[in-house]
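Annotation source Swiss-Prot lists signal peptide at 1-17. Per Swiss-Prot, the feature N-linked glycosylation site maps to Asn227, Asn254, Asn368, Asn378; the stated evidence is sequence analysis. Annotated site 'May be important for catalysis' per Swiss-Prot: Cys282, in sequence order.
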Amino acid sequence: MLLLLLLLLVAAAQAVALAPRRFTPDWQSLDSRPLPSWFDEAKFGVFVHWGVFSVPAWGSEWFWWHWQGDRMPAYQRFMTENYPPGFSYADFAPQFTARFFHPDQWAELFQAAGAKYVVLTTKHHEGFTNWPSPVSWNWNSKDVGPHRDLVGELGAAVRKRNIRYGLYHSLLEWFHPLYLLDKKNGFKTQHFVRAKTMPELYDLVNSYKPDLIWSDGEWECPDTYWNSTSFLAWLYNDSPVKDEVIVNDRWGQNCSCHHGGYYNCQDKYKPQSLPDHKWEMCTSMDRASWGYRKDMTMSTIAKENEIIEELVQTVSLGGNYLLNIGPTKDGLIVPIFQERLLAVGKWLQINGEAIYASKPWRVQSEKNKTVVWYTTKNATVYATFLYWPENGIVNLKSPKTTSATKITMLGLEGDLSWTQDPLEGVLISLPQLPPTVLPVEFAWTLKLTKVN
């Protein structure tokens, strides 16, 4: 009898040990959830801002707010000069046709760019949903405009190519009557949250099973108004994506850079030293807007080398790099955006070994005759230098060589010659080749094995 009791106790203890951990709806518990490994390994993603704002395609994706919220004169003038009296923002929606949107073409482009995840705007602050939301009647892509489920179509296309799928979702809607009512009540009521925000979040998760939820539009209210912790506890405990899903930190005005999964902190966040928490830099190829603009100029488009430098720096500091593009109202990705994405992909084909699944090294960067950023993987150190030194020699002060040290350049055959200088560090002789023969045009990566 005693033996049976002991066996039952052991079995019960094992059952408890094997039971999945449950998270409670508070930040102390939710913040303790380990980040699924796929996100840190991915490193590079593509952000897509697409919605009714792609129709006027002027100024920025905040067009509606600047026109009728803070009533900026330039936006007032644009409407007066280009549209008849009485034209409303809702009148733009039928022109959001997505007629040339071929999700497989988009997915092929993102794959060629080397992206490991893609994040699509399901709903921006204008409130228009890119899926048939049951609580957004006649203000969604199925009822008006494209008459298509844009979220579902792109998700199917990217997942066929083993690209992770993330969904951007704005918590607030600028002009929704229930949101304005809650604002009038000092956010002491939650009419909008209960009728709109939370039903849509649960619907997105259950319908599309996203790998990532990119929350935004949180800044006017605390997380208690949004019921964020209750949603995240369900997401981590009971949702169909509970084991793999990732979230960011925009769940209330008190959360950015403090609570959530990984940290965005603010748009285009770029720390100067290694943070102690996983983070992501989200930035836009058009430096002046996230949505497509018909009036953009080359001066606002990030150059290829600028994008790659940001990617290298971000990864060296332990972050992910999420690069945004804005398609047209018709569903086209304009050639300049395609060119930039393909340039990143070409660079990653050669240097991706130093990026994907890498970790920050003990020293993240140094600057001598060029700027160098370090990463490491499987005891190998990678040093990416941004500018080719005039004397053809890269000196690295941080790595400590051994008699077995070997140094190569990614994309080239053969070892590079090097010497150890007591003051200058490792002096590496670069190959004497014309630029057309080098593996890439900028940001070359040295691979160092058997170094300390």
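For all residues, glycine too, the Cβ spot is worked out from N, Cα and C.
Around the Cβ of Cys282 (site 'May be important for catalysis'), the number of neighbouring Cβ atoms within 10 Å comes to 23. In the structure as shown, the Cβ atom of Asn368 (N-linked glycosylation site) sits within 10 Å of 15 other Cβ atoms. Highest Cβ count within 10 Å among the glycosylation sites Asn227, Asn254, Asn378: Asn227. Across the structure, Asn368 (N-linked glycosylation site) and Asn378 (N-linked glycosylation site) place their CA atoms 26 angstrom apart.
Each residue contributes its Cα atom, and for Asn227 (N-linked glycosylation site) and Asn378 (N-linked glycosylation site) these two points are 42 Å apart. Rounded to a whole number, the C-alpha distance linking Cys282 (site 'May be important for catalysis') with Asn254 (N-linked glycosylation site) is 20 angstrom. Distance noted between the C-alpha atoms of Asn378 (N-linked glycosylation site) and Asn254 (N-linked glycosylation site) is 38 Å. In the three-state DSSP classification, Asn227 (N-linked glycosylation site) falls within coil.
DSSP classifies Cys282 (site 'May be important for catalysis') as strand under the three-state reduction. Under the DSSP three-state reduction, Asn254 (N-linked glycosylation site) is assigned to coil, being neither helix nor strand.
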